[in-house]
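Some notes on the structure that comes next.
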Amino acid sequence: MQNLGIAITGSGSAAPETSLHNEELSQLVETSDEWISTRTGIRQRRLALPTESLSSLAAAASRQAIASAGITASDIDLILLATSTPDDLFGTATKIQADLGATKAVAFDLTAACSGFVFGLVTAAQFIRTGVYQNVLLIGADILSRWVDWQDRRTCVLFGDGAGAIVLQSNQSDRLLGFALKSDGTQNHYLNLAYQGTAQEILPNVKITQGTYQPVTMNGKEVYRFAAQKVPEIIDKALFEAQLTVDQIDWLLLHQANQRILDTVAQRLNIPSHKVISNLANYGNTSAASIPLALDEAVREGKIKPNDIIATSGFGAGLTWGAAIFQWGR
Ligand code: ACO
């Protein structure tokens, strides 16, 4: 009989060596450690060196995830890369496939900003539940330092670079207990990394645009309001699907955007702070990487143990948001 359940059997993460503390940022823009840490909880972030790439960080995280799952790269059927900052707009997942030597795997990118990891988790699960694939590598990775305006104090203090990865495998019992995903494009303008070009006439009466992507713009207040309202709601929905109650959750693992969002969501759900996983003080907001990075740290620290029930939620640009309830390990 085919195993049509899913288990998350391994995790890994990688962050650049270079870190930038809040005090250092105050040499760049008018800000202070006090402002940043009280409003966001962030104390430092990691920044990718010019010699580092999204694929190099992602491959490093992936190697750890594959090793901890006890498989080899050649066992992987599918590589999903959740990112908004690929090395190549045509896709970076195939570069990672080559770096890992995952010769059998089909590989492609998936973009859902800070919800990318949760959207990727659910996407990966569909391929396993339908019996198409048995071993999926899901990576969340972003290098937002490439795309923030380092003169804009409203955004540059928030983001950092990193990568996290997990291995999902077919399993007799299904460890993805429930999920819910949502999008609302009417609020798209609150958070953007948008292409902007100027019109060029390449032949008489033939006009195209040429340009590039513009730095991140964000309406912080609206994004905060959106997250504080929608994240508890969607976790409730995923819990309902899982037929679980809040008190059965061992860990709340939210997209690491801002400590105030983490605290508000936990409070609204009545989840005590010792169950809330947070590492954003050290990494800032690493977008699609933040959940797998925090997950991997918590697993390696021995916080998350086999069979623990984790409620995770990603939220961000799009706007997109989603939640998944899963049990760690086989
Ligand atoms: N240092 C010092 N002052 C600053 C800074 C800074 N880095 N940034 C803004 N300010 C100033 C503003 O200019 C403003 O000054 P003014 O009153 O003279 O105009 C004042 O601080 C207050 O600014 P607000 O934007 O109103 O600050 P707020 O309290 O809303 O905090 C923050 C801003 C932290 C961004 C908050 O809105 C927030 O957490 N929003 C959620 C954002 C988020 O998490 N985004 C990412 C989620 S989605 C994703 O991950 C991609």
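Positions of Cβ are set from backbone N, Cα and C atoms, glycine also.
Remember, it's a predicted structure, so these values are computed and weren't measured experimentally.
Looking at 41-45, 181-185, 186-190, 256-260, the range annotated in TrEMBL as region 'ACP-binding' turns out to be 256-260. Through the fold, the region 'ACP-binding' (256-260) approaches residues 39-42, 114, 158, 224, 227, 278-281, 283-286, 290-291, 293-294, 315-316 of its own chain, all at least 6 residues removed from its boundaries and within a Cβ separation under 8 Å.
Taking the Cα atom of each, CYS114 (active site) and HIS255 (active site) are about 7 angstrom apart. Per-class residue totals from DSSP over the region 'ACP-binding' (256-260), listed helix then strand then coil: 2 helix, 0 strand, 3 coil. Same-chain residues at least 6 positions away in sequence with a Cβ under 8 Å from that of ASN285 (active site) are, in sequence order, ILE42, CYS114, LEU144, LEU158, PHE159, GLY160, HIS255, GLN256, ALA257, ASN258.
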